[in-house]
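**Q** Feature table excerpt (Swiss-Prot):
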DOMAIN    11-205  domain 'tr-type G'
BINDING   20-27, 82-86, 137-140  GTP binding site
REGION    20-27  region 'G1'
BINDING   THR27  Mg(2+) binding site
REGION    61-65  region 'G2'
REGION    82-85  region 'G3'
REGION    137-140  region 'G4'
Amino acid sequence: MAEKEHYERTKPHVNIGTIGHVDHGKTTLTAAITTVLAEDGLAQAEDYSQIDAAPEEKERGITINTAHVEYETKNRHYAHMDAPGHADYIKNMITGAAQMDGAILVVAATDGPMPQTREHILLARQVGVKYIVVFLNKVDLVDDPELIDLVEMEVRDLLTEYDYPGDDVPVIRGSALKALQGDPEQQDVIRKLMETVDEYIPTPERDTDKPFLMPVEDVFTITGRGTVASGRIDRGTVKVGDEVEIVGLTDKVEKSTVTGLEMFHKTLDLGEAGDNVGVLLRGIDRDQVERGQVLAAPGSIQTHKKFKGQVYILNKDEGGRHTPFFSDYRPQFYFHTTDVTGKIELPEGTEMVMPGDNVEFTVELIKPVAIEKGTKFTIREGGKTVGAGQVTEILD
């Protein structure tokens, strides 16, 4: 059995992805980046067909094809997401399967911005992708430089329309295909693109630096010691002596102090984002904490019942509904670790939502849940997933 390579944390890690209209060159650019960086000893070259034949992944009950490639620049380690089909992009961005810190928007100079260009920018804005770098592709196929200037202006205007700093966004012009074919001038353009990404997209705050949050999956009692809540730490860190709040499913917030921490039946000094832990809570009875609540750093998250969500609705081939739904539809919303019934109100002008649609609507839950902008959820009906989304705005 070959030994697994150890992941060395020497450079800061950033998640990015390519977005843009079909056939504008997203996958070609992804291949070009790995090829050029491989020449510089910073990546393994991935060819177009490897990236395009993306494996299927299940994310919260939804099948998505996504290609993940990794590479390094002089300063950073990147995980780069590329998805073959338009529907895969939508699902990827909405379900948060690929949490992007920044994106490279690919626009073909031959076409200019197209419908999916707009849709991807809107989605990037909705799901909190704060930084976009533009790659104007296929510039070798446009004879008139003024046309390229025009396309750049259109892209900048479109970004401004969706609250990105259109005037300041970096725009790199080149030909991904030529770079992939080994044209030295275009390979330098790819290097310049990656230097720009390095500089323009800031290193994200690490999950461990954020306030502590752990969705409760299970609760049990240790005789003589008290109540233990277990789950996977979503963000932040926790140690013995920390004060925590138990939030959700009721308007009352219980306060407690962590008196013990264990992982894999061993005591633990510090639990951090990603760890599955059991947290022993001082002065809390078995009935004061339940699955579906969260343990959180005091004051860091509140309960809400009403919110707007950006949602992808599964089509019937994906195991979703066979029929549309209307306002007042009442499915279960699965947040953190539990289902809560909610009533959907569609936006004005939207009569109904068809399977396969991507839509923003308002939800009113029957119980308060610990949520904030960016919280992920799935929509379920009779135990099967019919949609997935995330909170875009809190309304109460």
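Our numbering is plain: 1 for the first residue shown, then up by one each step along the chain.
Cβ coordinates are placed from backbone N, Cα and C, and glycine is handled just like the others.
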**Q** Of ALA83, VAL139, which of the binding-site residues has the most Cβ neighbours inside 10 Å?
**A** ALA83
**Q** When you measure from the Cβ of HIS86 (GTP binding site), which residues in the chain that are at least 6 apart have a Cβ under 8 Å away?
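**A** Spatial neighbours, sequence-distant, of HIS86 (GTP binding site): VAL22, GLN116.
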**Q** Counting only residues 6+ apart in the same chain, whose Cβ is under 8 Å from the Cβ of LYS26 (GTP binding site)?
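**A** Correct list: THR18, ILE19, GLY20, ASP82, VAL106.
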**Q** So if I exclude everything within five residues of the ends of the region 'G1' (20-27), which remaining residues of that chain have a CB under 8 angstroms from its CBs? That is, six or more out.
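**A** Distant Cβ neighbours of the region 'G1' (20-27) are 48, 51-52, 67, 82, 84, 86, 105-108, 111, 113-117, 120, 137-138, 176-177.
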**Q** Using CB atoms and a 10 A radius, I'd like the single residue among the binding-site residues GLY20, ASP23, THR27 with the highest neighbour count.
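**A** Of GLY20, ASP23, THR27, the one with the most crowded Cβ is GLY20.
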**Q** Mean pLDDT for the region 'G3' (82-85), rounded to an integer?
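**A** So the average pLDDT across the region 'G3' (82-85) works out to 77.
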